[in-house]
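K.L.:
Feature table excerpt (Swiss-Prot):
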SIGNAL    1-21  signal peptide
DISULFID  38-98  disulfide bond
DISULFID  54-144  disulfide bond
BINDING   55, 57, 59, 76  Ca(2+) binding site
DISULFID  56-72  disulfide bond
DISULFID  71-125  disulfide bond
ACT_SITE  75  active site
DISULFID  78-118  disulfide bond
DISULFID  87-111  disulfide bond
DISULFID  105-116  disulfide bond
ACT_SITE  119  active site
């Protein structure tokens, strides 16, 4: 085997080992990102919602910093309601389509439909309100008490 081929094979193996250490997003959260993209017509990168205000991202506490953050709080509460119904919202995959007016749910089971409705309402809410860069990556221990 040629040395160049060995180097290429080594590079592929090393990159695969590195990638295996990155935890995957729960399936539904990856799907939620696509629903958001449908609702806002791709205006904002999905990562903008992963660390915004007091509620957009993992956890959440305090008073939402603005209407966009309130969308995330409402979404968290909707997921909590889904869990009370026995659903697993961060793992539940559902069926939806992206129409000219935004995303629409067409799931059959109760859990799929409930989780899809949570995501579509949040995505539509995100699309309605402005994004304030000052509320990205804030100090939550100070601003979200």
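Cβ coordinates come from backbone N, Cα and C, glycine included.
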K.L.:
Taking each of the disulfide-bonded residues 72, 98, 118 in turn and counting other Cβ atoms within 10 Å of its Cβ, which one has the fewest?
P.N.:
98
K.L.:
If you take the centroid of the Cβ atoms of 55, 57, 59, 76, the listed Ca(2+) site, which other residues of that chain have their Cβ within 8 Å of it?
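P.N.:
Neighbours found: 54, 56, 58, 60, 61, 72, 73.
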K.L.:
Do me a favour and check the Cα-Cα span between residue 55 (Ca(2+) binding site) and residue 72 (disulfide bond); whole Å is fine.
P.N.:
5
K.L.:
Using the alpha carbons only, what distance in Å do you get between residue 118 (disulfide bond) and residue 75 (active site) once rounded?
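P.N.:
Taking the Cα atoms only, residue 118 (disulfide bond) lies 6 Å from residue 75 (active site).
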K.L.:
Across all protein chains in the structure, which of the binding-site residues 57, 59 has the highest Cβ count within 10 Å?
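P.N.:
Buried the deepest by this measure is 57.
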K.L.:
Just to be sure I understand the packing, how many Cβ atoms besides its own are within 10 Å of the Cβ of residue 56 (disulfide bond)?
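P.N.:
There are 24 such Cβ atoms around residue 56 (disulfide bond).
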K.L.:
What count of other C-beta atoms do you get within 10 angstroms of the C-beta of residue 38 (disulfide bond), across all chains shown?
P.N.:
21
K.L.:
Counting across all protein chains present, how many other Cβ atoms fall within 10 Å of the Cβ of residue 78 (disulfide bond)?
P.N.:
18
K.L.:
Return the residues near residue 111 (disulfide bond) by Cβ distance under 8 Å, restricted to its own chain and a separation of at least 6 in sequence.
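P.N.:
Sequence-distant Cβ neighbours: 82, 85, 86, 87, 88, 92.
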K.L.:
I need the nearest neighbour of residue 54 (disulfide bond) among the recorded positions 71, 72, 75, 78, 105, using C-alpha distances.
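P.N.:
Closest candidate to residue 54 (disulfide bond), judged by Cα separation, is 72.
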K.L.:
Look at each of the disulfide-bonded residues, 54, 125, and point out the one with the fewest other Cβ atoms around it within 10 Å.
P.N.:
125
K.L.:
Can you tell me which disulfide-bonded residues out of 38, 98, 116, 144 are within 10 A of residue 76 (Ca(2+) binding site) by Cα, answering none if there aren't any?
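P.N.:
Neighbours among disulfide-bonded residues: none.
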K.L.:
Among the recorded positions listed here (59, 71, 72, 75, 98), which has the Cα closest to the Cα of residue 119 (active site)?
P.N.:
75
